[in-house]
């Protein structure tokens, strides 16, 4: 470590030479460059005392002399230090220091001064390890005054005010007896100083710069430069010593001052830290944090009462009864209340001894007959319906098993009263098992403070009972006989209690077994009821289904009926239409009877052909037609016998066949025109120029 630090900071002793110029001229500059010089001295400081402990104390008194004695005096003594270096105290750290010495011969001068005192270093090394690092720098200048160092070492402490700055605690021991050895150690300190003094040296270099670190005070009366002096040339040390003294003198007063002020402020403004004294999840300002303060002076004010507890945090509610001399105060946490109780109990106040106790919890309830599966959280959740709860605890035995009892503390009395009344009148169950909880007011006992002798009532009965000290009764005496009777009575009570407890336990077991059987039966009944209910629901569903099916069937029937009715209506319409058409046809046929004979003959077909164009039809007949019908037929002439009609028809047919209508036309035409017995003029179809009245077609 020392070698690495030395290389990184100064690159060897050359760094010191460059800054210090080899002599005293660079001393101040060396001090300005703490990293190289101080690093070496710090690491070597402790080692210096081991091998060359006698040198350190000398530097403080000769700071002025050191300035006068630059490098020339130290070179010769450098050789002796090597002999002192061999001591076993500095084996590890001594090795790194030699390279700096080689680089700069002036550095070993410190040991030169120490050779004379080298005999002292071993003893002194053990006692003042702290001094060597600090004084390691001064020893360089000290070599000239080596003989007087013991005395001057103490003297330099007072003259240089550096001692206070360096550190109040460290200075006195160093100045006492060990200062001379550190001086010797300071001589070798340049090389070995970094070893033992490294830790302090590191602190001290930082200390001098800021202005009075504790590490710098370690040297005591000696100047701070010794740290750096261990590795730096003597001349530089001489200049540094005074500079360090001046630098330390300024800061020392400031350093101790703030510390004392801080202590005073801490003692005055001390207040307990709630975050450290409160458990996780603990509620603040509860009834458990409420203190009873008795024996208060009659003239105490509320402000005084609050100031009494000011250091224990901000108080909650405060109540004082001046007439009876007591009061109540609520603090933030139970821990703060316990601290306040322990500190203020029996505290004198205006000639009275204060009595501080925890106030009884007026809103606390005791809960019994709890199931072993009830926890604190379940208990709090169950009773939180009655009001805000401060604490809910299930009491357990030494193995952590539930005792069936618990405590519930409410934040207010109305909530506790409501819970007590509701649970007493009704049945409050916490678990599946029908096991109701039993709630009672909590019986609060003081098992912490008890009854001290000072609070006992010194009445005549007390004096009488306390006349005889504690003792064991002698056999056969009056005391022994009646004491035995008391013991037998207590034994009988114990037996009866055990018997009652046994009977109660048997009764509880029996009740639990009955409850178990009844519970199973109850479950079976519930299952049966559930089954019946499901069956009923199924039956109802079937009925609903059947009703639905019936409705569907009815709807289908209605639809079918409507369809048939529509079909029938359609058939009826068709029939009506057909009937109407038939009637129309019949009407048309009936009207044909009133038609012109020619039309009827034309419609009749064959009957009309016989008379049409038959010139002989009328002439062949024996009797002319009565009504003048156009044709010869039985329909028009019912009076004509059928034989005649047939004969005439036959004759006409024959004529028609023999003489076509075309050829007989003129003959038949001439005959009837001039002949009376012929067919009337208006009926013969052979007369083409005639047009009958019904010439217009009907269809």
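Each residue, glycine too, has its Cβ placed from N, Cα and C.
Residue annotated by Swiss-Prot as N6-acetyllysine (from the set 200, 283): 200.
Swiss-Prot marks one residue of 19, 237, 565 with the annotation omega-N-methylarginine, and that residue is 237. Looking up 9, 25, 401, 583 in Swiss-Prot shows the asymmetric dimethylarginine annotation sitting on 9.
When the Cα atoms are compared, residue 563 (dimethylated arginine) and residue 366 (phosphoserine) turn out to be 84 Å apart. The CA atom of residue 366 (phosphoserine) is located 22 Å away from the CA atom of residue 285 (phosphotyrosine). Secondary structure at residue 563 (dimethylated arginine), as computed by DSSP, is helix. Calculated from their C-alpha atoms, the gap between residue 285 (phosphotyrosine) and residue 464 (N6-acetyllysine) amounts to 46 Å. Counting only residues at least six positions away in the same chain, no Cβ atom sits under 8 Å from the Cβ of residue 464 (N6-acetyllysine).
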